[in-house]
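Each remark here refers to the structure printed beneath this line.
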Amino acid sequence: MPVEGGSSSGSTSAARHPKQKRKAHSLSIRRTNSTEDRPPGILRGDMLEGQDSKLPFALRNNLLDLFSQIEREFETLYIENLELRREIESLNERLTGDGQAVEGADATKGALKAKASHSTSQLSQKLKTTYKASTSKIVSSFKATTGSRALCQLLKEYVGHRDGIWDLSVTRTQPVVLGTASADHSALLWSIETGRCLLRYAGHAGSVNSIKFHPSEQMALTGSGDQTAHIWRYMVQLPAPQPPPDVSASCDEDQDSSDREEGEADGDGPSEVPTVRVATATLKSHQGVVIAADWLVGGRQVVTASWDRAANLYEVETSELVHTLTGHDQELTHCCTHPTQRLVVTSSRDTTFRLWDFRDPSIHSVNVFQGHTDTVTSAVFTVGDNVVSGSDDRTVKVWDLKNMRSPITTIRTDSAVNRLSVSANQRIIALPHDNRQVRLFDMSGVRLARLPRSNRMGHRRMVCCTAWNEENQSCNLFTCGFDRQAIGWNINIPALLQEK
C-alpha cells in the first residue's frame, strides 16, 4: 500500500525497525541467561559489541549482573523443588505400603484429614454429652410455650392517629375508655369494645408524650413537647358494643412481618369527633419537654417529669408549683406514683431512678438507685412493695421497697425495654421492646408468653408502651407503637399462670 510522503519500501523498513530492536534485545538477554556456558576469555564488553542498543555501556553491564543474580536464585529454587518432590514421592511410597495412601500426590493431606476427622468426631461427641441437658431444657421451654394456644388474642386495633403513639392509659372510672397520646399533637379517647374514636383533645402545641386519667373523676392529664402539662375534662358516651372478631394466634408465632408504609393505615383518622381545645388547667414551670406526668394518690396533686432534668409537683386546684425535684444529671424519661401512698419514682437517662417520699410533709427524702448501665426508660410501682425498672441496657429489674440495695429479680432480654406496665391483680409484667416484641413475665422473672407478631397481626414498628386494663377481662392489655396504632389484647391469665 502506498504511503503518503514516501515510497512503500521505505515505509516497510521503517515499520519493521521496532520489531528488529525488540528481537535484538531479547537475544541479548538470552545470551546472558547462563554464565556457565559462556566461552572462556569472552568479556561482557565483547558480548555487547555489535548489538543495536542506545543504553549506556555501564547501565547494560549492570543489567547483566542483575539478571545473573536472578538466574542463580531461580536455580536454587529449582533444586529445592526437586528435593521436595523426591520427599513427597518417598512419603507416598511409605503410605502405600501401610495401606493409607490416597489418590494423586496429596497423600499427606489425606492422612491429615483422616486424623482431623477423628478429632472432630471426638469433639462432637463431647459437645453432645456436655450440652444435652441444657438443650433438653431449651426444647422443653419451647414446647411449653408453643403448646399454649389462644393464650393471647388480638381483639381490636385502634387506628386514627397521624403519627406515632407514645403512651396510652385506661380510665379508672365509668365509662371505661382507652386514651392514647401521639406525636401528632393530639390525645384521643376510644371505645374499647368497638374501636371507635370518641373524643379528641387538641390543646397542645407539641407532641403529646403521656396521658393519665384521674382516679375518680372524668379528667385527664397530658404532658407535651410544648413544655407544659394540661388537665382537661371529658364527657363521652359509649356506642353499642359489637361482637369481637374471631382472631386468635399463638403467643410464640415467630413469623416476621413486613413493614407497611405509613400511608397505608386503615383510615385517615377520626374526621368528625367531638374536640376539646381548652384545658381546665395549664402547668407550665418546665424549661424543657414534659415527657411524662401522673396523679398522686387522691388526685389532688400531680407530678411531671421533663427533659430539663427536674420533676415538678403541682396542686391541681390552683395549678401552683409546690416542689421542684432536682438531682438527676440528665433528662428524665418517666415518672410514676404509688397507687396507695404518697411516693414518686422518676427515671432518667443518667442510668438511675430516684424514689421520692412525700408521706411526711416536712421531709422529702430521696433515694438514688444505680442498678442499670444505660438509660432507665421507666420505673413503676406495683400494688405491693415493689418497683419494676426497665432500661436500654436490655434488662428489667424488680426491687423491694423495704430493701432497695439490690434487685430481687433481673430479667435479661434481647432488645431495649420501653415503658413497661404491671398488672395490679396478677402482678404480670408486660415489656414492650424496640424490636416490636411484647413479652410477659411474672415477678420472679419467669417468661409467660409473647404476644403474636406476624404478617396478619401485631405491631409493625417499635412498641412504645403497654397498659393493663383491670376492669375488662375480655380486653385486658393494650399496646401502642410507632406504627400509629394501639392494639387491644385478651390475655387468658388463668391459662397463662397454669402453663407456668
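FYI, residue positions are counted from 1 along the chain as it appears here.
Using the three backbone atoms N, Cα and C, a Cβ is placed for every residue, glycine included.
All annotation found in TrEMBL is predicted automatically rather than curated by experts.
In TrEMBL this protein carries:
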- 1-13: compositional bias 'Low complexity' (COMPBIAS)
- 16-25: compositional bias 'Basic residues' (COMPBIAS)
- 251-269: compositional bias 'Acidic residues' (COMPBIAS)
- 1-48: region 'Disordered' (REGION)
- 242-273: region 'Disordered' (REGION)
- 158-200: repeat 'WD' (REPEAT)
- 201-232: repeat 'WD' (REPEAT)
- 283-324: repeat 'WD' (REPEAT)
- 325-366: repeat 'WD' (REPEAT)
- 369-409: repeat 'WD' (REPEAT)
Within the repeat 'WD' (158-200), count helix residues (DSSP H, G, I), strand residues (E, B) and coil residues, in that order.
0 helix, 23 strand, 20 coil
What parts of the chain pack near the repeat 'WD' (158-200), using Cβ distances under 8 Å and only residues at least 6 beyond its ends?
206-218, 220, 222, 224, 234, 236-242, 265-270, 273-276, 292, 419, 461, 464-465, 467-469, 471-472, 475, 478-488
Would you kindly list the residues that approach the repeat 'WD' (283-324) from elsewhere in its chain, counting only those six or more residues past its ends and only Cβ-Cβ distances under 8 Å?
167, 206, 209-210, 212-217, 219, 221-225, 227-231, 330-342, 344, 346, 348, 356, 358, 364
Let me know the model's mean pLDDT on the repeat 'WD' (283-324).
97
Please list the DSSP helix, strand and coil residue counts for the repeat 'WD' (283-324).
0 helix, 23 strand, 19 coil
Please list the DSSP helix, strand and coil residue counts for the repeat 'WD' (369-409).
0 helix, 21 strand, 20 coil
